[in-house]
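S.K.: Mind having a look at this structure? Questions to follow.
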Amino acid sequence: MEETGVKDVRDLCEKFLDFKREKERLEELLKEYFKRLEELERKLRAHEEKLRIEARRRKTLEKELEMERDEKAELREELRRKEVMIEKLRSDLQRMKKPPLIVGTVEEILDDGRVIVKSSTGPKFVSNVSPTVDRNELEPGANVALNQQSMAVVDVLPSEKDSRVLAMEVDESPDVSYDDIGGLDEQIREIREVVEKPLKEPELFEKVGVEPPKGVLLYGPPGTGKTLLAKAVANHADATFIRLAAPELVQKFIGEGARLVRELFELAREKAPSIIFIDEIDAIGARRMRDATSGDREVQRTLTQLLAEMDGFDPLDDIKVIAATNRKDILDPALLRPGRFDRHIKIPLPDEEGRYEIFKIHTRDMNLAEDVDLQKLAKITEGASGADIKAICTEAGMMAIREDRDIVTMDDFLKAVDRVMGKKEEESGEFKRAYH
């Protein structure tokens, strides 16, 4: 019994020792496992750090690659520009090496395709035409370029115009409207009927069977709005406005004035629809005398050319001529006959209502005091033209500026009336200071 108990105790001790040894072995294995786990975590962290470094390096390389691409594109563009410049310089060099061409004028086109050309050096040539030249552009009077050796026509040049004629083209479409003109309602209606309507609705005249006037004569005192009216018509008709003063056509050399008139109408045809406005037409259109001097005869030649040009276009063409003068009484009757300036529109000095409308137009952008009475100003400025009223408004504004004010008062206007109209009284002796 005792032996059995001792044996059991011995077995238990052995089992305990086995368990203890197993426990120690497992603890040793567990330590080894954690050690390996720590090693793996360390390697993982090192690998992750390496990956982050590689990612940063990759981003840096991608950025450098993008910069390289941009630089490459810029270099390609620079190379393209250089190639274009080199080609242009090469072309310029080739052109510089070519001998200059001679300018000539075509006088006649022959049946066999050749042309008779008068060169700028004087002699005439029967010349061949280069295949590169558009024969539709070849016509008598055309300017052409001639080869020095063969005298062949190698190019058709643009028609030559005097720089003074080109300077006459004021505006493709002036910015003046009928709202900018006061006191001329009847005159506006008349000029619209004879100028604007034929340009915008020519088919209406064809249906009715009447021809509109070719030219309109505006006459009246200076400063009454003749030029302004012509500009407004050009604007509303959407036409090119070509303005000149007739004294510009009075030239020193024989035939010079007539040539300017000819080129003026050529420009009008090119820019059609167009309105030619000739101011102070009495400078070339005065009544012709038998006992004229050489200077008078040159003026008469210019007038004759103007009459010929007006006879040379159809009333329904896209060209209208408006002339202005202060001296209708001295004009040559040939100018005023039907087919030329056959519509005469008088532009008088404005009446009181007209002056009031003009004052409203010129003061609409001004900063006026409450005491400004435009009706009174219209009443006291009898005999004033539209230009005088504009000068009065400008002078009143200048008086306010002179006193560092941003509001124009009635007193400013009265002083301006006194100054502007007083000066007119000195010149004409006609103005009466009605407000005193």
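Cβ from N, Cα, C; glycine included.
Values in this document were obtained by computation on a predicted structure and should not be read as measured data.
The annotation ATP binding site is assigned in Swiss-Prot to Gly223, Thr224, Gly225, Lys226, Thr227, Leu228, His362. For 7-98, the entry in Swiss-Prot reads coiled coil.
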S.K.: How does the model score the coiled coil (7-98) in terms of mean pLDDT?
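M.R.: A mean pLDDT of 86 is what the predicted model shows over the coiled coil (7-98).
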S.K.: Output, ordered by sequence, the same-chain residues six or more apart from His362 (ATP binding site) with a CB under 8 Å from its CB, or 'none'.
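M.R.: Same-chain residues close to His362 (ATP binding site) (Cβ under 8 Å, separated by 6 or more) are Ile389, Lys390, Cys393.
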S.K.: Given the binding-site residues Thr224, Thr227, which one is most crowded in terms of C-beta atoms within 10 angstroms?
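M.R.: Selected residue: Thr224.
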S.K.: With every protein chain in view, what's the tally of Cβ atoms within 10 Å of the Cβ of Leu228 (ATP binding site), excluding that atom itself?
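M.R.: Around the Cβ of Leu228 (ATP binding site), 20 other Cβ atoms lie within 10 Å.
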S.K.: Give me the largest Cα to Cα distance among Gly223, Thr224, Gly225, Lys226, Thr227, Leu228, His362, the residues the record lists as binding ATP, in Å as a whole number.
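M.R.: Between the outermost Cα atoms of Gly223, Thr224, Gly225, Lys226, Thr227, Leu228, His362, the distance is 17 Å.
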S.K.: Going by a 10 angstroms cut-off between Cβ atoms, which of the binding-site residues Gly223, Gly225 has the sparsest surroundings?
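M.R.: Result for the binding-site residues Gly223, Gly225: minimum number of other Cβ atoms within 10 Å at Gly223.
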S.K.: Would you mind pulling the DSSP three-state label for Thr227 (ATP binding site)?
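M.R.: SS state of Thr227 (ATP binding site) = helix.
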S.K.: Would you mind checking how many other C-beta atoms are within 10 angstroms of the C-beta on Lys226 (ATP binding site)?
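M.R.: For Lys226 (ATP binding site), the count of other Cβ atoms within 10 Å is 26.
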